[in-house]
């Protein structure tokens, strides 16, 4: 099956689908004042999600990542996962979560067809974690990760946003943590959004600083697979785990773009920091609109730019990452 390809030769096997803008954390870099609902939002329903995923699968997509906000706040998440996993052509169903509900809900997600797990974990130190996220929930997350291992989930990744002055001295602790754990930790460079300019100026840390420390500690960059995304992967012979660096301010970051995004309200976003969204929801109400939906997606892909405008301070439509799921 052919894959979606843009005018710059990039293929897109991967969709990030936001299920909600709501979040139960108050992360200092994203929603420091907590989630503020705009009226009564109506996020995509299961039948709309089914039509959406069938369309992207028909266009060659094989991986769906469910994001938020915090997707575990959806009470119908088990049904959503099962619906996505049942679509022919979808081989990988992943979720990105803050992990607080893993002990209670992960078994149900696993039974429904979840194949990969990403957990946001910005610090290994309990007090720091509380400072960054606004919640003292690190023990539940650690319990959930142990459960994920026990269930045999084949892909477990941890996401940590690099924050100068808050967690930038924890790399040695992370290395020790990965010595006996087969996780992949992703260090993500803080990105400027529409509402965090002052915070960005205080806490942005160049990913190069971490890469230099990794190389000095004997870690080696792994060859990039042909279908790899923008992360640079590092490994060490004495560690079971690996480290990925996601550096959106690096020169070649956008060359490795392999994903599209759909918001919780059904807008196609060609770039995390794009200037416009394409409404797909009107074509998600009837099965008979399947061909029109395919045409809208493929036509709009031709408008995808070569790269973002972060270096010029252009953050596009993204007020904060909870609005689109990163």
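Indices start at 1 and increase along the chain as displayed.
Cβ atoms are placed via backbone N, Cα and C, with glycine included.
Swiss-Prot lists 16, 96, 157, 259, 260, 261 as binding GTP, and of 65, 126, 224, 296 the one it places in that same site is 65. When the binding-site residues 16, 65, 259, 261 are compared by the number of other C-beta atoms lying within 10 angstroms of their own C-beta, 259 comes out lowest. Distance noted between the C-alpha atoms of residue 16 (GTP binding site) and residue 29 (S-adenosyl-L-methionine binding site) is 20 Å. Checking Cα-Cα distances from residue 261 (GTP binding site) against the binding-site residues (23, 27, 29, 30, 69, 271) with a 10 Å cut-off leaves 271, in sequence order. In three-state terms derived from DSSP, residue 65 (GTP binding site) belongs to an extended strand segment. Look at residue 157 (GTP binding site): DSSP puts it in a strand.
Under the three-state DSSP scheme, residue 254 ([4Fe-4S] cluster 2 binding site) falls in the helix class. Cβ contacts within 10 Å of residue 260 (GTP binding site), excluding its own Cβ and spanning all protein chains shown: 24.
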